[in-house]
Amino acid sequence: PGFRSRPDVQTCTSWRAPIIWEGMFDPDLYDQTHRKQGSSVALTVFAVGRYLDAYLEAFLNSSEHHFMLGLPVSYYVFTDTPEKVKSIKLGPQRSLRVIQVQRHTRWQDISMMRMKTISDTIESDIRHHCTHVFCFDVDQVFTGRFGPEALGDSVALLHAHYYHLPGKLFTYDRNPKSQAYMETGDFYYHAAVFGGSWKDVKALTEACYKSIMEDKQNNV
């Protein structure tokens, strides 16, 4: 396994960051290395409103079968109805904490609340006992291994739909007044999965929150 084991796809960015695909890594080697290093992972997920009943149980059950098996994992479930979160059978060294959050309707307010909540929880809790954090949308399930080969300082998921499309079709924010404005970029990333070291994820979520707040204050 290695960068040349998948000649059909791009395996390294122009700034020398690896792009990990199936068949590029030895899973046993990554498992052993991160167990020796004492890696531990926090998983954050928001299940607000109808999303709790529709998706949370399936998401967590699939995670128990595929996500970071063999490493300590701490789930953080953010919801407006904590009493409705069903009990999930967890494996060894895995825990689940339910945290109540306010429900918002505007997507801008939802994004802003999520970024601030993740940042605040990293500061108050996660950083004291986890080396890495992954943030997921709840309306998806794991269908295969998601292991420590994905652990790094800053981790993003390439959007499958946009991967083979030319950059001119990427739906970046084209409003120059917005803090999210992008004229061009190398890839299009999926917002449903992002992660990294707790320090990098905290810095990212803080930056996103501040940018959303600035756009809101400027009526963008």
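Residue numbering: from 1, along the chain as shown.
Any Cβ shown, glycine's included, is placed from N, Cα and C.
TrEMBL entries are annotated by machine, without manual review.
Noted in TrEMBL for the protein shown:
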type	residues	note
BINDING	F46, A47, V48, Y51, D137, V138, D139	UDP-N-acetyl-alpha-D-galactosamine binding site
BINDING	D137, D139	Mn(2+) binding site
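The structure, with features from TrEMBL marked on it.
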| residue | record | DSSP class |
| --- | --- | --- |
| F46 | UDP-N-acetyl-alpha-D-galactosamine binding site | strand |
| Y51 | UDP-N-acetyl-alpha-D-galactosamine binding site | helix |
| D137 | UDP-N-acetyl-alpha-D-galactosamine binding site | strand |
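Neighbour density for A47 (UDP-N-acetyl-alpha-D-galactosamine binding site): within 10 A of its CB lie 27 other CB atoms from the protein chains shown. Listed in sequence order, the residues V45, L52, Y55, L56, F59 complete the 8 Å Cβ shell around the UDP-N-acetyl-alpha-D-galactosamine site centroid, once F46, A47, V48, Y51, D137, V138, D139 themselves are left out. Neighbour count (other Cβ atoms within 10 Å of the Cβ, all protein chains): 18 for V48 (UDP-N-acetyl-alpha-D-galactosamine binding site). Comparing the binding-site residues F46, Y51 on other C-beta atoms within 10 angstroms of each C-beta gives the minimum for Y51. Around D139 (UDP-N-acetyl-alpha-D-galactosamine binding site), a 10 Å sphere centred on its CB holds 14 further CB atoms from the protein chains shown. Of all Cα pairs drawn from F46, A47, V48, Y51, D137, V138, D139, which the record names as binding UDP-N-acetyl-alpha-D-galactosamine, the longest spans 11 Å.
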